[in-house]
There are 2 protein chains.
Amino acid sequence: MRKSIATVSVSGTLTEKLAAIAAAGFDGVEIFENDLLACPLPPEEIRLRAADLGLTIDLYQPLRDFEAMPVPDLRRAERKFQVMERLGADMLLVCSNVSPDAVDDDELAAAQLRLLAERAAAHGIRVAYEALAWGRHVNEYLHAWRIVRLAGHPNLGVCLDSFHILSRGSDPIGIEAIPGEKIFFLQLADAPPLAMDVLQWSRHYRCFPGQGGFDVAGLTGHALNAGYTGPLSLEVFNDHFRQADAGRTSRDGMRSLIALEQALDGSAHPAAPTGFAFAELAASGAVVEVLAALGFARTGRHPTKPVELWEQGGARLLLNATGGDPALLAIGLDTPDPAKAAGHAQALLAPVLPRERERQEAALDAVAAPDGTQIFFCDATWLGDFSPAGPVAGEITRIDHVALTQPWHHFDEAALFYRGVLGLRAQESLEVADPYGLLRSKAMSAPGGAVRMVLNLAQVGTGDIARQHVALACRDVLAVARRLRARRPDLLLPIPGNYYDDLSARYDADPALRELRELGVLYDRDEHGEFLHLYTVTLGRVFFEIVQRTGGYQGYGAVNAPIRLAVQRAGGH
Amino acid sequence: MRKSIATVSVSGTLTEKLAAIAAAGFDGVEIFENDLLACPLPPEEIRLRAADLGLTIDLYQPLRDFEAMPVPDLRRAERKFQVMERLGADMLLVCSNVSPDAVDDDELAAAQLRLLAERAAAHGIRVAYEALAWGRHVNEYLHAWRIVRLAGHPNLGVCLDSFHILSRGSDPIGIEAIPGEKIFFLQLADAPPLAMDVLQWSRHYRCFPGQGGFDVAGLTGHALNAGYTGPLSLEVFNDHFRQADAGRTSRDGMRSLIALEQALDGSAHPAAPTGFAFAELAASGAVVEVLAALGFARTGRHPTKPVELWEQGGARLLLNATGGDPALLAIGLDTPDPAKAAGHAQALLAPVLPRERERQEAALDAVAAPDGTQIFFCDATWLGDFSPAGPVAGEITRIDHVALTQPWHHFDEAALFYRGVLGLRAQESLEVADPYGLLRSKAMSAPGGAVRMVLNLAQVGTGDIARQHVALACRDVLAVARRLRARRPDLLLPIPGNYYDDLSARYDADPALRELRELGVLYDRDEHGEFLHLYTVTLGRVFFEIVQRTGGYQGYGAVNAPIRLAVQRAGGH
């Protein structure tokens, strides 16, 4: 299907927007009127510029407060038709009237829209009428369709906007009652679930399909069932997108439409990951000390690169001695069909990383995540390169999850990346208090928790390093803590005694509580089970968490995150 | 009255918060439980720390979900009493239950709260019960009072929170029905008018009294009428405050309480400004060229400083040759009693600037605004220093307004500063689209528009210079534009032709429209009158606007601001 996007969705001047939109591979654009007004180029030159970039101008928008008025302002509309002719745009969006002067009279609205369509026809222009969610009298898409049908003019149809329909909780199945040829245009936007004034919600918090909580693909399916053949067009008002790089936002939008098409095809993720193969860290002596104290052992070396394999149970860490402060460089994912997974990622515009391998080494397909972390798709062969010495027994069994700090303005992009590219599903999304600001946090996981990721976003003012962490699952976190306490107590993050006083107030006095306090182990529970965990100090950007889940606990101990953050900040840990 | 503040209101770790709060002159604090839990110091040491800083611990908060439960959790409460004894806090906030397990039964709630108060009494502790605006069954302050009266225990009273009361639209006059000795605590917060979920509104958008839209002083007056004698205590959850400097936020909070006390005294601003005496700019040859092209003339020099006076009509600009890129350094305000105005500013914690003067020069009282701009309180004597040559006739008559970009996180502080220190009143508040983000903008003015200020706040990502501008009122903006066009057309900000196409669509074709287009003059109207204006290019950080108001137009041409911003950004103007 043709793909389009409204210029309001991305940052910059109109010419910058057009260049970024074309570079992302869109077929067309909606020109948002304010972008045109502020542009020094006359409409004729914008038309040429778009054509040179391979973009059609699919819609000019919006004409406001036109219909159902005591006297319709046809003179204003005529001036807009003139601009559209110069621009080469042949469809005008008319959004439902919000003026207090508007009359609640469908017959009047239809008659005036019919008149408008007649005038438009003289210019070769069609008019798409849209119900704004906050329209004064017309705010339901089926109401807009009723008026369009009443008007009965071939140059008048409806424009459907997923935000306006789904934000009101309207059932989109009614779209199938509209003949496809009368659906002139389809605007797509998602949004997070927020309980707020719908106009503010729409103007500031829209996001691309797949980034919010609406079933935009389902709505699109109804439009296709009805026979809609026009473009899928993104129209997003978002405070972050206004500030972010236009090229990156445009690619993100294109990715959302590709993922939406995949969802429409009913195609499941072709090769979802089944576990963590490894996590690769820029290493230092301090990292080696932590791993040794945790019971990891070095079991292999890469034949050609300065990379060591450290193992314990099923947890595998690669230590890369390429220099730099300790940081998470890459994640390896066990993948049934790495080539297929990489192809899928590439189709979703994930930046493919160049393969570097010597003869006889395993070929690894990899892409870059939004924060620059490398994601490797692995089958069983990669381990052979390291000629591992054999299993290392211990309490630690596997990588439980990896937490990454996302770049400012790109949180929604990251959520869509992990959903689309890796097939992860969003779990909980919450805010956590840091002493110097709030952290936004979203957990995503593969079915059954085989792969869990936590995406964090720090408020811009917090000024903290972008911490990352690797959480390692174990059978007995108290045993791990005792071992660490005995060998290297300096590596344990100290937990305030006040935390344990509160824990003893919240839960029945448990004999284990005294030991939790002594060892600096934290505690949470949900309706499924319990969660015990400890943190190491931070090395460079990275720290480790050791976690023990019992009875099907689903969370990540978020209730304890503010304690950790305060200790990390206050003590320089 | 004693002044207190909740630790959640400011940024940092608990010890940083206490230090900042004490430095701002508060008498006491409310300890927010999460701040305590994350603090490595035991309660006894926090008690000592607070005492050393001269702070009493007025409240420990909150105990949640206690009353009206099938089984009240007295064990948890006992643990909290123990912590409070160690902390030296003798009042506990209990907020109304939000649990789905809570029972809608006032008798039960009262009985359980009576039991809690009995237990508290054994520790010398009193319990203040507060209705959360989103409480499950108790969400009105008079409902909380009904339950407290029913319980009838001397150690149980109500806590009143202005946000919880006013956000629901409850009438605070009912406070006067509560005996003063049963109002155990008064928490004060303001908030901007937002149509959103009240819990999110409360957790993210509260602000200090005088910064939002609630009549917090009026509510406080009712509590005082009732006989309340406890502290005025600020409790603000605000995303910006969480990130801003704790010392600055604490001083801002103290200023809000001082201003609130002044409002309670019914004292009007003692010396509100009656006009702009001058605007002082760091000057360059380019600034001189613009002023000369606009018809200004140099009419005087300062006897001892490298400062020139330029005049036209009643508009006076000081050009300071102390170096640096052109920028607005200071604003002089005509003030009936400068010493009184300066004293009032100082009482509101405005930083007083040192006076520098030679013998026989006018003494000028000045304070620093939140963005660092110097504000001078002037009587007629200052002009004498410059021995001005005499009046300069021209189209320009006076300074209409000055627009300043405020520092990130300090927009609310600035609004309170201009309101309290200068006695300005908030006019319109709006958002303006810049190509790279939204600008928040608030206009403030003295009665009759004698002094108008526009405070702007750029989204952090926009990366623009912090532009300032001086708007000059004139009798005939077209004449000014013609003069500028003839002499120095390069100094006029070019306005896109598309803007005028739209203007001609919005308004009846006017013969003047052609001239507006030729001259780059913009147009707006409101129900009172019309507004014509033009902009110069930006010099350093500063540009000039020439405005003509007719028929009582009240605004600032905000509808045209996105056009200006786009041209400034795109063309490097």
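Numbers run from 1 along the shown chain.
Yeah, the Cβs are placed from backbone N, Cα and C, and that goes for glycine too.
Given the structure is predicted, the values throughout are model-derived calculations rather than measurements.
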>> For the Mg(2+) site that TrEMBL describes with A:HIS401, A:HIS469, which of these is also annotated: A:GLU527, A:GLU530, A:GLU545?
In response: A:GLU545
>> Suppose a student reads TrEMBL and sees A:ASP161, A:GLN187, A:GLU235 listed for divalent metal cation. Which of A:GLU130, A:GLU140, A:GLU176, A:GLU261 should they find annotated at that same site?
In response: A:GLU130
>> Beyond the listed site residues A:HIS401, A:HIS469, A:GLU545, identify every same-chain residue whose Cβ lies within 8 Å of the center of their Cβ atoms for the Mg(2+) site.
In response: A:ASP400, A:VAL402, A:ALA403, A:VAL454, A:VAL470, A:ALA471, A:LEU472, A:PHE543, A:PHE544, A:VAL547, A:TYR556
> What are the non-local neighbours of A:HIS401 (Mg(2+) binding site), defined as same-chain residues 6+ apart in sequence with CB under 8 A from its CB?
Replying inline: A:ALA443, A:SER445, A:ARG452, A:MET453, A:VAL454, A:ALA471, A:TYR556
> Reported as an integer number of Å, what is the Cα distance between A:HIS469 (Mg(2+) binding site) and A:ASP161 (divalent metal cation binding site)?
Replying inline: 40
>> For the domain 'VOC' (A:398-537), report the average pLDDT of the model, please.
In response: 91
> What is the number of other Cβ atoms found within 10 Å of the Cβ of A:GLN187 (divalent metal cation binding site)?
Replying inline: 26
>> I want the residues beyond A:GLU130, A:ASP161, A:GLN187, A:GLU235 whose C-beta is within 8 angstroms of the mean position of the divalent metal cation site's C-beta atoms, in chain order.
In response: A:LEU93, A:CYS159, A:LEU160, A:SER162, A:PHE163, A:HIS164, A:PHE185, A:LEU186, A:LEU188, A:ALA189, A:SER233
>> As a test of the contact definition, list every same-chain residue at least 6 positions from A:GLU545 (Mg(2+) binding site) whose Cβ is closer than 8 Å to its Cβ.
In response: A:ASP400, A:HIS469, A:VAL470, A:ALA471, A:LEU472, A:HIS533, A:LEU534, A:TYR535, A:THR536
> In the domain 'VOC' (A:398-537), how many residues does DSSP assign to helix, to strand and to coil?
Replying inline: 51 helix, 53 strand, 36 coil
> Of all the binding-site residues given, A:GLU130, A:ASP161, A:GLU235, which has the fewest Cβ neighbours within 10 Å once its own Cβ is left out?
Replying inline: A:GLU130
